[in-house]
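Let me begin by presenting the structure, written as structure tokens, before commenting on it.
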Amino acid sequence: MSPLANRRFLKMHGAGNAIVVLDLRGTSIRVAPAEARAIAADAHSRFDQLMVVHDPVTPGTDAFMRIYNTDGSESGACGNGTRCVGYALLDDPAMARPAENGCLTLETKAGLVAVKRVTDRSFTVDMGQPRLRWDEIPLAEPFPDTRRIELQVGPIDDPILHSPAAVSMGNPHAIFFVERDPDTFDLGRIGPLLEAHPIFPERANISIAQVTSRDTIKLRVWERGAGLTLACGTAACATVVAAARLRMIGRAARVALPGGELSIEWRADDHVLMTGPVFLEGEGSLSPDLFAGLDG
């Protein structure tokens with residue numbers, strides 16, 4: 001039997017991004033890709049991202065998080081999921097631990113993130129510094145200026161999308177800025193093709209963004225390893241950074257996604273702050289039947 005059988009989980013969402021939080025502190029259990037896929041496939045535990053909480057690795061941190069996409073792949077960052085973990089570690093009776101001033105320091109394979117409560121159901125995450133060099137994102141070939149890279153969809157003389165910005169927020173993003181409503185583009189068809197484009201050796205999150213004012217952006221996201229999503233916090237952060245670099249906006253904006261709105265600020269110290277809501281939908285336990293026949 002899988003050691004995950006009968007483990008308790010929280011079902012949450014952040015601005016529409018479906019999140020499952022699984023607490024594995026005090027154990028040596030690691031989630032295998034096949035187990036993550038099985039959890040995602042079940043109607044009771046379906047997720048866009050699975051946030052697995054482990055004991056801290058680095059002194060002074062509160063927990064280590066592993067982040068899984070629906071296809072079982074791991075990600076280095078998930079802003080909406082991090083807010084949900086912040087809620088769980090501060091408010092859930094079975095998970096909460098004492099924290100100073102409602103603040104937590106969490107670690108992922110991409111680095112440290114700080115979470116702070118704003119209101120009962122709103123949290124701010126310090127997502128750290130964006131990575132802007134081509135080899136940090138990473139891209140498969142050198143681009144001296146990642147504000148625009150050479151990539152397009154459609155005919156050479158009349159492309160549907162072209163010249164995206166490239167940014168990493170602990171995971172790679174390509175952002176296409178457009179003048180018309182992002183909903184008018186078939187991102188469900190375009191997204192998977194671009195996600196796996198050879199220019200992105202680690203694949204990429206694909207966003208279509210419309211700047212509607214100096215401090216508002218409308219955004220649609222195809223999420224690497226998950227597909228079309230109602231919200232993606234790291235994509236919102238990457239989009240604000242990219243738009244600011246192109247002087248389309250200042251250094252702060254409200255980003256409207258199908259699942260809700262996020263407030264993003266790229267501070268003068270180069271850190272990106274994301275503020276948004278969390279919602280607890282319920283809890284459950286992982287059925288042993290989910291893992292029957294899995295070999296990991």
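Glycine is treated like the rest: Cβ placed from N, Cα and C.
From the candidate list Asn6, Asn17, the residue Swiss-Prot records in the substrate site shared with Gln49, Asn69, Gly79, Asn80, Asn171, Asn205, Glu223, Arg224, Gly233, Thr234 is Asn17. All protein chains included, Cys78 (active site, proton donor) registers 32 other Cβ atoms within 10 Å of its own Cβ. Straight-line distance linking the Cα atoms of Asn69 (substrate binding site) and Cys78 (active site, proton donor), rounded to a whole number, equals 10 Å. Cβ environment of Asn17 (substrate binding site): Asp48, Gln49, Cys78, Asn80, Gly81, Thr229, Leu230, Ala231, Cys232, Gly233, Gly259 lie under 8 Å away, each six or more residues apart in the same chain.
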